[in-house]
Amino acid sequence: MTKVLRVAILLSYCSILCNYKAIEMPSHQTYGGSWKFLTFIDLVIQAVFFGICVLTDLSSLLTRGSGNQEQERQLKKLISLRDWMLAVLAFPVGVFVVAVFWIIYAYDREMIYPKLLDNFIPGWLNHGMHTTVLPFILIEMRTSHHKYPSRSSGLTAICTFSVGYILWVCWVHHVTGMWVYPFLEHIGPGARIIFFGFTTILMNFLYLLGEVLNNYIWDTQKSMEEEKEKPKLE
């Protein structure tokens, strides 16, 4: 069931990406194209992640019972890559996009998603980009155990991603004179620095939240399984 669900989620992300890229919006034609938006980057991250999940499942089916040590080593590498990607990118970036988008949208949608975009992006696609990411990643975390990397290497990786994206946003502004997100136009340089610093801290917090949540889910399940085994042993 989990394997089928992963395929379904992967196909949904492919559909969302294809539909989004097919939209002819002015912002897609400017410097950086779709790649200047964290939402689009996150969609690519989620699609690649679930693609790796599906590839891991296929490799596991092909490797099962073969006794081929080289295939087993390759499978372990795939599993390690899958777990690293969930921990460092898929969970923190996905949750960040959903949380920050809807918080700013609720405060003033013009600051993050102007009403003009409704003429280009249908409601279902908006939710595909900014809502369903969260339940999909929580389902994956609940149905499969993922081994997190060491905390220091994980935090270093998410910090590198966060700072890299902030520098990319600043570079786009340097080249075009326009900020990627409308609300950045309405705050001063000091406020922008504070905002960028806050987003980096928030990314780190979400990484730690994912680690705690993953441990809680699987420690709880392990305890439940041990409780079920007790009567049998007695």
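The first residue you see is number 1, and the count goes up from there.
Note that Cβ sites are derived from N, Cα and C of the backbone, with glycine treated the same way.
As annotated by TrEMBL, transmembrane segment applies to 7-23 (among others).
Under the heading transmembrane segment, TrEMBL lists 43-63 (among others). Only residues 6 or more beyond the boundaries of the transmembrane segment (43-63), in the same chain, are considered here, and those with a CB under 8 A from a CB of the stretch are 3, 6-7, 9-10, 13-14, 16-17, 20, 71-72, 74-75, 78-79, 81-82, 85-86, 89-90, 93-94, 129, 133, 136-137, 140, 144.
Long-range Cβ contacts of the transmembrane segment (84-104) within its own chain (Cβ-Cβ under 8 Å, at least 6 residues beyond either end) map to 38-39, 41-42, 45-46, 48-49, 52, 111-113, 130-131, 133-134, 136-137, 140-141, 146, 148-149, 154, 157-158, 161, 183, 199, 202-203, 206-207, 209-211, 214. If you look up TrEMBL, you'll see 84-104 (among others) marked as transmembrane segment.
The feature transmembrane segment is assigned by TrEMBL to 124-141 (among others). Remote same-chain partners of the transmembrane segment (124-141), defined as residues 6 or more beyond its termini with a Cβ less than 8 Å from a stretch Cβ, comprise 5-6, 9, 12, 15-16, 19-20, 39, 42-43, 46, 50, 53, 86, 90-91, 94-95, 97-98, 101-102, 113, 210, 213-214, 217.
Summarising the annotation, TrEMBL assigns transmembrane segment to 153-174 (among others). Counting same-chain residues at least six beyond the ends of the transmembrane segment (153-174), those with a Cβ under 8 angstroms from any Cβ of the stretch are 31-32, 36, 38, 41, 87-89, 92-93, 180-181, 184, 196, 199-200, 203-204, 207-208, 211.
The feature transmembrane segment is assigned by TrEMBL to 194-218 (among others).
Within the chain, the transmembrane segment (7-23) has long-range Cβ neighbours (under 8 A, six or more residues past its boundaries) at 34, 40, 43-44, 46-47, 50-51, 53-54, 120-121, 125, 128-129, 132, 136, 139-140.
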